[in-house]
């Protein structure tokens, strides 16, 4: 008795490419879950202190316009 057929991929690739193969959608902001805690803590401090001078500049411009 002949062995039964397990799998056939004939025409499958052509069928997939008919509508074009698409890349998976990437998210704008990658999740920080599971990242190293040292890195996350440093990132928070960096963001916090990089925004400080901007606030001061805005205050100065408001004072000069009054």
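For all residues, glycine too, the Cβ spot is worked out from N, Cα and C.
If you look up TrEMBL, you'll see 1-21 marked as compositional bias 'Basic residues'. Only residues 6 or more beyond the boundaries of the compositional bias 'Basic residues' (1-21), in the same chain, are considered here, and none has a CB under 8 A from a CB of the stretch.
Under the heading region 'Disordered', TrEMBL lists 1-66. With DSSP states grouped into helix (H, G, I), strand (E, B) and coil, the region 'Disordered' (1-66) comes out at 36 helix, 0 strand, 30 coil.
What TrEMBL lists as compositional bias 'Basic and acidic residues' is 30-48 (among others).
Among the features that TrEMBL reports, compositional bias 'Basic and acidic residues' is placed at 56-66 (among others).
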